[in-house]
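Student: As annotated in Swiss-Prot:
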{"type": "DISULFID", "residues": "54-83", "note": "disulfide bond"}
{"type": "DISULFID", "residues": "86-156", "note": "disulfide bond"}
{"type": "DISULFID", "residues": "91-97", "note": "disulfide bond"}
{"type": "DOMAIN", "residues": "51-161", "note": "domain 'Expansin-like EG45'"}
{"type": "DOMAIN", "residues": "174-255", "note": "domain 'Expansin-like CBD'"}
{"type": "CARBOHYD", "residues": "25", "note": "N-linked glycosylation site"}
{"type": "SIGNAL", "residues": "1-23", "note": "signal peptide"}
């Protein structure tokens, strides 16, 4: 009887210790908030890379993004589904940290190194990394290696900007593809549909980025309506006649809508 009691006591102690270890290490909620490691890449005052895995191209350095962008580790990039999402980041792990929050948009992928070894990792642009620092201490923060931050998912807000559709350089009437840029709110999309002139809405395929495409068996003619469904809240908006009948590859077309 005594040995049985000791066995159950040890079992209970083991279960408690397991629970304690789990709680100590559980510092993330990928969909919401937690702590993460942060590094930076590219030029000290730059936008990380010109373009990146999400397909935004040179737009990352220009308004309304202003180079306040980041590559996401696997959990945040999420096979491209994280493109366009926004995160508030507060630096906590270095004396040069200002403690003031910044907001960045995920525009690129960081697949290796510390990005892959941590549950959540944020690889900031040089400009965004400097924005985490106290005045005059940006270089100290950039030279610190991996620092710790608090992060949380934030609503994207591009004031005075509506959604833009930038046609892919290889797009044609049989293969229509474009990047969707500057979505307010969730920042990501769960569904994109295109409606050609005189036709019905056709679901498009996300290309592990902010690029969406449709391969049609026949030529699609514009003008095109585009119906967008946001990723988290599933709000739906329609950009009517946003891509004209005489559209051209590598051109951008600005809508009059946003979430």
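Glycine too: its Cβ is placed from the backbone N, Cα and C atoms.
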Student: Could you tell me the C-alpha distance between residue 83 (disulfide bond) and residue 156 (disulfide bond) in angstrom, no decimals?
Tutor: 12
Student: By DSSP, how many residues in the domain 'Expansin-like EG45' (51-161) are helix, how many strand, and how many coil?
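Tutor: Helix (H, G, I), strand (E, B), coil: 27 helix, 34 strand, 50 coil.
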Student: With DSSP as the yardstick, break the domain 'Expansin-like CBD' (174-255) down into helix, strand and coil residue counts.
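Tutor: Helix, strand and coil residues of the domain 'Expansin-like CBD' (174-255) number 0 helix, 42 strand, 40 coil.
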Student: Please tell me which one of the disulfide-bonded residues listed here (54, 91, 97) sits closest to residue 156 (disulfide bond), measuring Cα to Cα?
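Tutor: Ranked by Cα distance from residue 156 (disulfide bond), first place goes to 54.
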Student: State the Cα to Cα distance, in Å, between residue 54 (disulfide bond) and residue 97 (disulfide bond), rounded to an integer.
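Tutor: Computed Cα spacing between residue 54 (disulfide bond) and residue 97 (disulfide bond) is 29 Å.
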Student: Distance check, please: Cα of residue 86 (disulfide bond) against Cα of residue 97 (disulfide bond), rounded to an integer number of angstrom.
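Tutor: The separation of the Cα atoms works out to 20 Å.
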Student: Which residues in the same chain, at least 6 apart in sequence, have a Cβ under 8 Å from the Cβ of residue 91 (disulfide bond)?
Tutor: 38, 97, 98, 99, 132, 133, 141, 147, 148, 149
Student: Out of 54, 86, 97, which of the disulfide-bonded residues is least crowded by other Cβ atoms within 10 Å?
Tutor: 97
Student: Of 83, 156, the disulfide-bonded residues given in the record, which has the fewest other CB atoms within 10 A of its CB?
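Tutor: Output over disulfide-bonded residues 83, 156: least Cβ neighbours within 10 Å is 156.
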